[in-house]
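K.L.:
Just passing along the structure, written as structure tokens.
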């Protein structure tokens, strides 16, 4: 019959109506996305799985949910609901991606392995920036608020109850600990570096024979000789040089330098932000030991100058060389270099382990290789001697004091040299990469502007716009009262009408 409807057409219309009924429109940052409600239910306990028309961000006129979020990241999130695989967009920063995932209620650990390395790069960058922040490499003086936080005086700063001591203490500390804070701090920093170099040069030069004064002992002897009944007296004059001592001026140079170091240490300990952290600092420990060793050596040298304890006293003066580490306070490059070795500690320990393992193995091999044949000139009489040869060979130094003579020993020596080249060369790229990473980030951080424009938070904006929002709400209610009495455009879609992509919102506004 002409009026009969084919069952297949009825089924298709019913299926199309059901698809339209379960279709969900998501407007994210001005970009509209369409999907089905059952797709959003694939990942429960998330923001998209709990969408209902009762939500405040649902627009009944346009039949869509509006979210003021990043549209590019949402494309990856919606694809995660569709395919079950979360990929990382390379055109956004990692913290932004994490914030978006947290807003939508998703776990960042579900990123696919192919994108994991790219995604986690921002975490390494944040760790590197945190390390650089702890190194205190700033070239600009801190603000008063930052100084108050550093010394733990935030409450007094915000209330304006700063005492004269609280105002003086940061200034004096900056003079001796922050060379970039002022021109006076740079002068004190230059003096400190000069005294460190003078103390080190004095320690080196006073061991040179040209700057040492010998302690000469003159002795006389009288000898009686009986020659044919006559007695002859022979006088002998002799000299002896048991020890030599440095020129006395070196003592005065060391005394002046150590007086400066003592004054500097006392001032820093008195005006430091935290005394407990200051005492536990390695540089403070080095300064205390070096200064104490000098005065202790001077005291014992005055008492025991004629005894054999001079060797021990000279050994104590070696501690002053450790003051060279204090130069890290004045040069940021040295701080980055030391931090590079700290960051590469795992690789360095691994290198030391493999070197020790190779030394023991090749020392045993060369010992038994040299004994495998008749060898009259065998220098490897024990494995401990082989350890010395193995260390020298692996480190590619090669003094040549011990050489294998047999062919099997030469083969072991060749393998030992090759193994040393490969073992030492492996961690070098890692150390260079860590240094380059720290240095590049420190340079980039130094070029960042210190003052940034403040962006208001959402809770700070809403009260200010409350009156404007109410005004627009009343105007919209009056202008759209007739529109709400009409059936929405998507009502036709739900009953098998035209598609929702016909810009029904424009028609309603018209």
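The backbone N, Cα and C atoms fix where each Cβ goes, and this holds for glycine too.
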K.L.:
If you check TrEMBL, which stretch out of 274-291, 292-309, 310-327 is marked transmembrane segment?
P.N.:
310-327
K.L.:
Looking at 407-432, 433-458, 459-484, which one does TrEMBL call transmembrane segment?
P.N.:
407-432
K.L.:
With TrEMBL as the source, identify the stretch among 241-260, 381-400 annotated transmembrane segment.
P.N.:
381-400
K.L.:
Under 8 Å between C-beta atoms and at least six residues away from its ends: which parts of the chain pack against the transmembrane segment (348-369)?
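P.N.:
Distant Cβ neighbours of the transmembrane segment (348-369) are 341, 380, 382-384, 386-387, 389-391, 393-394, 404, 406, 408-409, 411-413, 415-416, 419-420, 423-424, 426-427, 431.
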K.L.:
What is the pLDDT of the domain 'BTB' (22-122) when averaged and given as a whole number?
P.N.:
91
